[in-house]
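Beneath this line is the structure, given in structure tokens, with notes to follow.
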Amino acid sequence: MSARHFLSLLDFTTDELLGVIRHGIELKDLRKRGVLFEPLKNRVLGMIFEKSSTRTRVSFEAGMIQLGGQAIFLSPRDTQLGRGEPIGDSAIVLSSMVDVVMIRTHAHSTLTEFAAKSRVPVINGLSDESHPCQLLADMQTFVEHRGSIQGKTVTWIGDGFNMCNSYIEAARQFDFQLRIACPEGYEPDQRFMALGGDRVQIIRDAREAVRDAHLVVTDVWTSMGQEEETARRLAHFAPYQVTRELLDLAAPDVLFMHCLPAHRGEEISQDLLDDPRSVAWDEAENRLHAQKALLEFLVEPAYHHA
């Protein structure tokens, strides 16, 4: 049996995604009650980082330990990935020593090349194309607070980059309407827009985009690797700051999410994370629980069919 990978939300069926989310909620409850649950005892997660991280590293490392396993952190200084050794060769060797691999990288092609040669599951911890693990946490957070997201309206405000791409995939997989509010020149790649079909639309006016929305989401205006564009981006995105007043135009039960870290005074107002409609802290914690469910889903079948 070949290994299952999680490089994008499209790698799982809708039922599988919903099952992972439900199990993430169960694992969260077990942890809060102090119940020991170690289905991945003696399993090892290899974590390859080409980009710095706080939430991704801590959530995966802590999650694997809580499931009874262990995690190995590999920084660019620790590996030959893409430096002298072909990615496929690294995948063959590393996947013979660990039970699952998580990669946080720049080029999405690194993930696909690694997965093609890996004998164990590979997880996308973030690439320049998508961030599916964050979407698992976001969808779990919405389900916990509001129930099913099917048929709801979600507004993405900001850059049409990797997080936005994953929201387009989520609109397809979870069947919700997605409005994208962004300046001209910052739209998502046409491949993703085509994927979203009639579930996705671009609206230039942020106020119009949030009207009656059930979920409003944003992210930083300048991602890692784009620092030289900061001044230009600040000018272009200024009309897209999410404030309490903007949320007032959304549905009465609207939720606000941000994958963090947040730049207060830029993409959000200084006080927005303190607004009762913000669930950003729950969202951040749910990275731990959703990814534990994902690890169990991927590693246990791979182990039993080995």
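Quick reminder: no glycine exception, Cβ is built from N, Cα and C everywhere.
Copied over from Swiss-Prot, here are the features:
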- Ser53, Thr54, Arg55, Thr56, Gln80, Arg104, His131, Pro132, Cys133, Gln134, Cys259, Leu260, Arg287: carbamoyl phosphate binding site (BINDING)
- Asn162, Asp219, Ser223, Met224: L-ornithine binding site (BINDING)
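Neighbour counts of Cβ atoms within 10 Å were taken for the binding-site residues Cys133, Cys259; the minimum is at Cys259. Across the structure, His131 (carbamoyl phosphate binding site) and Asn162 (L-ornithine binding site) place their CA atoms 6 angstrom apart. It is 16 Å from the Cα atom of Arg287 (carbamoyl phosphate binding site) to that of Asp219 (L-ornithine binding site).
Cβ crowding, taken as the number of other Cβ atoms within 10 Å, peaks at Arg287 among the binding-site residues Arg55, Arg287.
Here the C-alpha separation of Ser53 (carbamoyl phosphate binding site) and Ser223 (L-ornithine binding site) works out to 12 Å.
Comparing Cα positions, Cys259 (carbamoyl phosphate binding site) lies closest to Asp219 out of the binding-site residues Asn162, Asp219, Ser223.
In this structure, the CA atom of Arg55 (carbamoyl phosphate binding site) is 15 Å away from the CA atom of Ser223 (L-ornithine binding site). Counting only same-chain residues at least 6 apart in sequence, those with a Cβ under 8 Å from the Cβ of Ser223 (L-ornithine binding site) are Asp159, Phe161, Asn162.
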